[in-house]
Every structure is written in C-alpha cells, then in structure tokens.
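Below: the structure, in structure tokens.
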Amino acid sequence: MYKKIEIFTDGSCLGNPGPGGCAAILRYKQHKKEFSIGYRLTTNNRMELMAAIIALESLKNPCQIILNTDSQYLLHGITQWIHIWKKHHWKTSEEKLVKNIDLWQRLDVAIQIHSIIHWNWLKSHTGHPDNERCDQLARLAAKCPINEDFY
C-alpha cells in the first residue's frame, strides 16, 4: 500500500528575472514537512518548477500524491505539454528547445517513481493555509538567496 501524500508548492521571484525562492509543504497523516530554498538570479516559472521538484525528490519511496499548485504554467506543462515535448525531442511547435528544459526533464524523472500523481490547481491568495504558508516561505527564501541559478 502506498502512502498518500498531499503536497503544496509555490514559487516567488523578486523581479523576473531576479532573486527567487521556492517552497513546498508535504503532509502525510498528521505529519508535516516544509522545504524552501532561494536562488540569486532566476525566474518565477523556474521557481514554480523547482518547488514541485524539491517536494517530489524528497520522497524516496513510491507514493500516491496530490500536488497542489497555483501555477498554471506548472499544471499545464506537466499534464498537457510535456507529452508533446517528449514526443518532439523537447522542442516546441516552432522547433525551439522548450524553456526551462533542464527543470522539465528533472521533474519528468521525479514523477516516474510514484504510483499516482493528481495535479490540482489552487487559486492563489484565497486563504488556504498551506498555500499561503508556501507563498510566505517562497518569498522569504527569495529575500535570502543562497544558490546560483540561471534563466
């Protein structure tokens, strides 16, 4: 039987590009774990992707996951576009490499071990406690970036 994990993610960027942060909250029964990390120069979309990546990579065993995000970019990318990109060797319809290909490929690997992942969109800033907490953690991480990134 797989553990049922609920994940909340968010990314933040102070300027776009600029310093950024990402955060994730993982819930399993009564347990809760928070992650956040800041980058010196990045974009909002890269931070949304990194939030999901750090959450999924923290899980060492296959799980059933509900991943909540307020990012349409992440949601549409992982549920619709990624299949097309992979089929076309990570190129867009204009024959250009997919933006943030490094993170999309990393996310693609991270989702492979899990039995079920349900991707759920949450409207941001509507008062959901875990979504609001992720937003707060991501903004704090963006204010104190410790890692290099590139966009």
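For all residues, glycine too, the Cβ spot is worked out from N, Cα and C.
Listed by Swiss-Prot as binding Mg(2+) 1 are E48, D70; the candidate from D10, D108, D130 that the record includes in that site is D10. Each of the binding-site residues D10, D70, D135 was ranked by the number of other C-beta atoms within 10 Å, and first place falls to D10.
Sequence-distant neighbours of E48 (Mg(2+) 1 binding site): residues of the same chain at least 6 apart with a C-beta under 8 Å from its C-beta are T9, D10, G11, C22, T69, S71, Y73, L74. Within 8 Å of the Cβ centroid of the Mg(2+) 1 site, not counting the listed residues D10, E48, D70, the chain contributes T9, G11, M47, A51, T69, S71, L74, S124, C134, D135, A138. Here the domain 'RNase H type-1' (1-143) is broken down by DSSP into helix, strand and coil counts: 56 helix, 49 strand, 38 coil.
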